[in-house]
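A.B. asks: Pasting a structure below so you can have a look.
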Amino acid sequence: MFRTHGISYVQMGLSMMIVGSLVTASKMTMEQIPPFLANEFRFLIASIIFLPMLVLKEGGVCFTENRPHQPLLFILSFSGTFLFNILLMYGVSWTTGVESGILTSVTPAAVGILSFLLLKERLGLLKITGILFVILGTGVIQIPGAEAGTAGQAPHPGLGNLLVLAAVFSEGLFITLGKKATGRVSPLYVSTMVSVYGVLLFLPGALWELRTFDWAEVTWGGWTLILYNGVIVTVVGFLLMYAGISRIPASSAGMLTALMPVSAVLFSAFFLKETITWVHGIGIFAVLTGMGFLAQEKNLHPSLKKQKRQVQ
């Protein structure tokens, strides 16, 4: 049992590291391919891989049999693929990759807030304190001077940061409801349908962008990024995430999203050559402190939680 849970934590952790790389990949992709078209290619590639796998393992989509689950899967796709990716791609094009990475640190707090609002999970003092520290950390990087060392790379940092923050809450909803979905159908089925719905959601915008799209302007590097986003981020990332989240609590999955900003900041510093300033450092420290409080809330012994409830 413990071995199984350990593997699940590793799967979820690896998936969040992969998702973190999407911040940098999205910023680089937007330089050559418009957002709707880029995501249409990405989820089309993923669907082409997922659908044969589903046929071989489970006999196909079986839409009639799984009709009751489709509304939840569509909401998952709308929040975690459509909204998240559009908000993220526009956001990272207007701010820096480093700041985008730090803002993704809000995801554990977003999962906590959404779990309270949607799943009626109780917010204890430690969790509330952790959420406040995370909010403080994201606010710090808005201070003038946080962009030092990345001047000229962020045309609209304030608006870009807000869009990335909105994307984070979309991802939080994606993770919160993902646990519910994997309790009904297999991780492979969830991954497949989320990708298929993603193709349908991005199709109208992609067709519109095709009118002025110049295929000749896209380099091999651009197509490599599309392939990376489709195969690694979507296929591998989704399978790891849903396999992991199906066997661990949603709250624990929320904590593991803390690996996403670590990956995002490292990828941005390495591939985009962006500088991490002292203001970013303060923001990261505040966010990590907040995650520490959230972790303490998760690790509080059940008997102590029971005693706290009795005292209250």
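Each Cβ is built from the backbone N, Cα and C atoms, and glycine gets one as well.
Not my notes, these are from TrEMBL:
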DOMAIN    13-141  domain 'EamA'
DOMAIN    159-294  domain 'EamA'
TRANSMEM  7-29  transmembrane segment
TRANSMEM  41-60  transmembrane segment
TRANSMEM  72-94  transmembrane segment
TRANSMEM  100-119  transmembrane segment
TRANSMEM  126-146  transmembrane segment
TRANSMEM  158-176  transmembrane segment
TRANSMEM  188-208  transmembrane segment
TRANSMEM  220-241  transmembrane segment
TRANSMEM  253-272  transmembrane segment
TRANSMEM  278-295  transmembrane segment
A.B. asks: Looking only at residues six or more beyond either end of the transmembrane segment (41-60), which have a C-beta under 8 A from one in the stretch?
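C.D. replies: Distal contacts: 33, 81, 85, 186, 188-189, 191-192, 195-196, 198-199, 202, 226-227, 229-231, 233-235, 238.
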A.B. asks: Counting by DSSP, what is the helix, strand and coil composition of the domain 'EamA' (13-141)?
C.D. replies: 107 helix, 0 strand, 22 coil
A.B. asks: Could you pull the average pLDDT for the domain 'EamA' (13-141)?
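C.D. replies: Within the domain 'EamA' (13-141), the model's average pLDDT equals 83.
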